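Here's what TrEMBL has on this protein:
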| type | residues | note |
| --- | --- | --- |
| DOMAIN | 1-88 | domain 'S1 motif' |
| DOMAIN | 104-175 | domain 'S1 motif' |
| DOMAIN | 198-263 | domain 'S1 motif' |
| DOMAIN | 282-353 | domain 'S1 motif' |
| DOMAIN | 370-439 | domain 'S1 motif' |
| DOMAIN | 459-528 | domain 'S1 motif' |
| DOMAIN | 649-718 | domain 'S1 motif' |
Amino acid sequence: MLLLGCIKEVSDYELVVSLPNGLSGFVPVTQISDAYSKMLSKQVAQGELLEDLNSLPDMYSPGTLVRCIVTSVEKSADGRRSIKLSIDPRKVNKGLNASALTSGMLLSGFVSSVEDHGYLIDIGVSGTHAFLPRQKAQNYIKAVKRGPDLKIGQNLNCVIVEVKNEGRVVRLSIDRSEVAASLATEQQKWTLSNLLPGLVVKARVQKVAPLGIKVSFLSSFTGIVDFMHMDPEKSTNYSPDQVMKACILSVHPTSKVVRLTLRQSFLHPGGSPNQLSNDRMGAVVEESTVKAFYKQFGAIFELDDGTLAFARLKHLSKNRKSFKPGAFKAGCKHKCRIIDYSLMDEMCIISLKYQVIEARFLQYQDIHTGDVVQGKVLALKPIGMQVKVTDGIRGLVPSMHLADVILKQPEKKYNIGDEVQCRVLECNPGGKKLILTLKKSLVQSKLPVLSNYEDAKPGLITHGFVVCAKEFGCIVKFYNDVKGLVPKNELSSEPISCPDKVFHDGQVVKVMVLKCEPQQERLLLSFRLSSKPAPEDKKECTPKKKQEVKYRIGEMVDVKVLKKKHNGLEVSVLEDEGNVIAWIPTMHLSDFVVNCKLLWHCLQEGDVLPRVMCLSDKGEHITLSRKSAVISAVQEEQVVRSFSEIQPGMLLTGYVRNVMPFGVFVEFPFGVTGLAPKMSMSDKFVTDTKDHFVVGQTVIAKVMSIDEEKQRVLLNLKVSECSSGDSAAESFALLNQYFKEMKEIRNLLRRRGEPSVARGLCELVPGKELQVVVQDVKEDGSALFSGSCVTGLTVTATRYHLGDKNIVPGEKTKALVLHVDALTSRVYVSLQEELLKQRSKQVCVHGSQRTPSTLPSCST
């Protein structure tokens, strides 16, 4: 069966392809093209990398449409079906022969050889030599930006320009404008035996039915457009004899049934379907509205943001017995969760099942290093144990991590189907790689998880495992492949002559960090937990002069920046003539998370910061804060100074101290802390706490209950529960503070960096209209612009914000500023007519063009 698919994921060994009707298939690396397979075989035979053999990620990217043929459908042990595909033109175009080739045909081809004047292209037609002149490829090469040449094995949409010698020689073009304008016609003499998916045709409506429409095309062919592939904006307006463009989606070899799509993204060959933003995947939608119900297939819903979604029949209820068709009448509302996105249908795939909505993990991105997960044993192999975490998530427990000790016969301890509790050692969502441990000492450890070198502060005590014991000491590994050295003199308080006889690979150990150099990824450790951090680290962490002055919490001081560090600013207190050194953590530079990094980025050594509040003074360590909400709470005495002052119902201003899987710890001025459990964190469903809060974030918390015996405070962070009553006044006060800080940031920007760039960033605010020149149009539909008003800045517009305009490089156009990212010097603009017209109306009403200076213009 021939299908049009869209590449969803790319790895070194396969392509994951989205297929129509929510299906997915896999193209192995050996099913790309004949020339590419020969190069792979040659590399394997020689045992060394070939210079001109490119990996799949170098040639393919998600969002690219490809023609596929189904090679097999395999059923796995757990009953799931796997669709194997090939994009090899010898299989996809097998219905074509040399005599059938005519000018204007659109075919799939693969680069088989790079020549001086062009490229030899494999179009899979026996006895035909296809040539692509270099000049016909230049625009495409510039647009895709994958190097100065096409690569062997690269997939191309080719238009036949000229046919010679009865089809034995053809000349091709891959010019994007020619490909996009190609249309299959009757003159090209297509037949049912060689008809290809991806061809755009003119179709005439024959019959309109509830599940789709029947159309005729190329004079003698008929096809079906199902309900998922009608244009959403026109789905109720089709009528017999109506003529429109359609794209062939699939051709069945035996039944000869042809299915087509009317969706706009597919009506210009070479384009790509709309994609779902990453933050929506896995999201829970409280109210989705039923648009249509199909008793044999499922239901189409409209989500809260207006996008369409499809739920298969089995995902509408827990089981067949609990399914009630009456609950899915048009207009009914249901809670659901987005579990996938079908690129080929341009629809979210959702589930209404309670167990899916409540599931902790849905995709690899939901899992974080250090998480404790439940799994089921799938298989025991020489390299370790394969564990099923969810239906779509698999993990590997290496042999070393099957237990605290090395197991010689793991099959005696574990059986297929056993439930096991593991801890995540490493998670790579891109490569779908999940490494787990079953070592009880690690799984049950209460010590901090060390997953990056930046967190390895001197004095930190944590658990790790030995991966090497040699004469010089031990190499200890932690999470995310972080590792460090325990030198021989730090192995024990007593001398150890042969470390390899005392320590073994896989042994779980408790270590203390002595020294860390994150840039060099060097870590010095000790098994002697009473050891002190290295002298140079101590010197670096302590103030330059002994603090003799005591500061009260809440006291306001002016400070000068002495040194910028990756996590904050070292400052001197001006009132004490610079003799007192203090510290402002980056997250305490502002109440707004987006402004903290911006302020850190803009501030320079020597800058003076007025009215900074003392947050804590522990003798030689003074911590300051610029959080205006926290400062106001202290000055207005809306704080508690001890646990005994806390009462249920109180609203307190604080900041996030720690984000854990089970909830958020909040700290308040004067050191009181409380816990907001996961269920009380947000008015929305919380899948992952890290998606809702970050350490240092300013919050208003409501005291739910207190446990005097255990000195515990339970908090509520739901916005609906934490308003003092006058929410409008609170909102305007927050906005006013935000704009005040943005003005401060713009003033700082004017003083730093290249004058023209800094000036440009300060003058560009959302809502401003620009005159720009199109610099480049990318393959994904986005565009880059240049202009005298944006010199030194990167100006870009997404495909959506280009509207219906077909722009070309060199064209002058008007654009409206949407957002300015000061950290990356990027400006995001829109060319949409409705936004520009709205802007023009505002100018007319006010009599002059005003830039909305009160809108935020910079963001991290």
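Each residue, glycine too, has its Cβ placed from N, Cα and C.
Across 104-175, 198-263, 282-353, 459-528, 649-718, the stretch most heavily in contact with the domain 'S1 motif' (370-439), judged by Cβ pairs under 8 Å, is 459-528. Counting Cβ pairs under 8 Å that are 6 or more residues apart, the domain 'S1 motif' (1-88) and the domain 'S1 motif' (282-353) reach 3 or more and are in contact.
For the domain 'S1 motif' (649-718), the DSSP counts in helix, strand and coil order read 9 helix, 35 strand, 26 coil.
Across the domain 'S1 motif' (198-263), the DSSP tally of helix, strand and coil residues reads 3 helix, 35 strand, 28 coil. For the domain 'S1 motif' (282-353), DSSP puts the residue distribution at 7 helix, 36 strand, 29 coil.
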